[in-house]
Amino acid sequence: MRIVVAEDLYLLRDGMVRLIEAYGHEVVATATTGPETLEALLTWRPDVSIVDVRMPPTQSDEGLRAVLAARGEVPGLPVLILSQHVEQLYARELLADGAGGIGYFLKESVFDADQFIDALERVAAGGTAMDPAVIAKLLSSGSSNRRLGRLTEREHSVLGLMAEGMSNQAIGRRLFLSESAISKYTTSMFGKLGIADDDDNNRRVLAVLTYLNRP
Amino acid sequence: MRQLVSWAGSACVGFARACVVVVVAMLVPAVWAAAVAVWIWWWDGDPWSGIAPLVWAAIGTLALSRPLCRMVRSLVERWTGTVIPAGYREAGPVIQLSTGYWWNGFSYERTSRDALLDQKWRTRWRDPAVWRDLRFTAIAPVTMGVVAAIPLGGVVAAALGFSQPDLSARLVGVLGLVVAIAGAPYAWRSVEPVAVRFLRASTAMALADRVNELTAQRADTTVAQAAEIRRIERNLHDGAQARLVALGLSLATVEKLMETHPDQARALLRDARAGAATSLTELRDLVRGINPPVLTERGLIDAVRALALNSPLEAAVSTDVQLRLDPPIESAVYFGVAELMTNAVKHAHATRARISITRDDTDIVVDVEDDGRGGAGVRDGGGLAGLRRRLAVFDGTLEITSPAGGPTRVRMVVPCASL
C-alpha cells in the first residue's frame, strides 16, 4: 500500500515509518503540519494515511481539520487518525459523511503491530476501524444506555466488537464462538434495534455506528 | 374613581412616611436643640457653666449616628428596594496565642474580653464609615428633613388657619391643606437620592473591601494551586514514573534472559508492553484532569459537548455562540460544568441534563439543569462552595436552586471582556 504519515513528533513519525516498512508497505510522503498534511493527502491520494490530530502551527486540531477538508475534496479518502486521546465528538465528525474509510485510534494501539496493520488494511479497503476506547464510551453514554437496554449481555459485546469494525469471523474468534452463532446474534440484535442488516461488512459497521451516534 | 382611591391611598402612605423621615432626620437636631435650651436655662453670665449639656449632645450624636444611618438604609430598602451597602469595617478574629495572651489584630491583651473591647473601639475609631455617618446626620435634616417636613408643615398651617375666624387666616389654612395633600405622595421620596448620595460606601471604603476580597481570593488560589501541584506530583511519582522504572527493569531482565530463556523473555516483553499501555492510560487521565485536550483543541463549547457525549447522562447542549475565551476562564467554566454533571449523576441520581451556554453584553452565562432529586446546597468545604470560590477568582457567580425532589438548576455567570 502507498501510505502518507502525518505526525509532528520525530520519534513517533520515524518509528511509525519503520513499522509500516517492516510490514512491506510503502511510505510515499510524511507531513509535520496541518497544511502540509492537506497538501500531501490531495497530491498523493494515498491508499491510506495515518494522521495525528494535534499538529503545528496552532497545536490544536490541525490534523483533524486537514482530514475533514481532504475528504471534502476526495470523498471516502481512507484515513486513520491517531491521537493521544479519543473523543466521541471527533468520531462523530469523522463518521458524519457516511463514506467509510475511517479509522480512529489511540496512539498506543501501535503497540500491537499486527492488529494495527490489520486495522490499517481494513480502513484502506473502505472499512471502519474504531479504538475500543471510543466504542466503550459510545456504548456507555446516556442515550445508548436507554436504547441498548433491551440487548442481552452477549449481544451487547457483539455489538461493541462490530462497532470497532470487526467482521463476524473476527468477532467469533475473539469470543470463541462459531461464525454462524455470531450471525444469529447479529440478526436478533438488528431486529431489536431496527437496523437493516447488510451483507456487506463495511456498510453494516457504518449502520451500527450511525445508530449509536444518533443523539 | 379607582384612580382617585389609589391616589388617596398613596397620599396617606406618603404622609406617614414623610412623618417617619422627619422624625428620623430631626432626631439629632432635636437633641442639640434640647441641649441649647438647657444651656440657656442655666445661663448665669458665664458661657462655660452650662457646657455639660452640649458635651452630652455631642456624645449623643456620636452614639446615634450609626443606628440612625442603619434605620435610613433599611427604610430606603423597604420603601424603594434600593440596597445601599453599609460598608462598615468587619472586626478580625481574636485569637489566643501560645503565651496565653490574646491578639486582636491591634494589640496584645491579657483576657479575651479586653481584647474584644479594645478591638471594638479601635475598629470603630479607624472606620471611615464613622465619619461618613456623622456627615450624613448633619446633612440629613437640611435636605430630606426639610423636604419631608413640607406636608407636615401644610397640615400644621391648615390647623392653625382654620382655628382663626378671619378670612386671610382661612386662606392660609386652605393653602396649607393643598400643599399637604399635593406634597404627601412625593415629599418622602427625597430620602432615596440623599441616602444614595451621602450614605453609600466611599471610594476608599469600596477599595478597601475589594482589597480584602482579593486578598482572600489570592490566598484561596495559592492554596488550591499548591494542592493541585502536589496531586500531580504524587500521581506522576506513584504512576508513570514507577511504571517506567519497572519497564526499564523488565527490559534489563529481558536482555539477560534473551539468550538463555527466550520464552521467559517473550513473556516479560508482553508484560512490559502492557505496562507501557497502562502508564499511557494513567497519563491521559492525569492530563484530562489538568487540562482536557479537547479544551485546548476546540475551546469551551466543543469541550462541553464532548463532556456531554461522554457522560452517562442523556445530556443536551444548547448554545447560540461560538466563542474562545481566555484559557483560565474556559478551564474554570469547563471544570464547573464537569463537576455539576458529576454531582447530577452521583448525588441527584439524574438521568437527563440540559446545559445551555449563552452570552450577553458582558457575561457568559452557563445553565446546568438536571432531572434528579434535588436538595443540593452550598455547604462550607463542599464541592459547590469550592466551585463558587474558583469562579469568584474571575468575579464569577454561582446560583443554585435545588428544592427537595428536584430539579436542580445551577447558573454560573462569569464576566469576560474578551468576547
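Including glycine, each Cβ sits where the backbone N, Cα and C put it.
These come from TrEMBL:
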type	residues	note
DOMAIN	A:2-122	domain 'Response regulatory'
DOMAIN	A:144-214	domain 'HTH luxR-type'
MOD_RES	A:D52	4-aspartylphosphate
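According to DSSP, A:D52 (4-aspartylphosphate) is assigned to a strand segment. Each residue in the domain 'Response regulatory' (A:2-122) has a pLDDT score, and their mean in this model is 91.
For the domain 'HTH luxR-type' (A:144-214), the DSSP counts in helix, strand and coil order read 55 helix, 0 strand, 16 coil. Around the residue listed as '4-aspartylphosphate', a 10 Å sphere centred on its CB holds 25 further CB atoms from the protein chains shown. In the domain 'Response regulatory' (A:2-122), the DSSP tally of helix, strand and coil residues is 59 helix, 26 strand, 36 coil.
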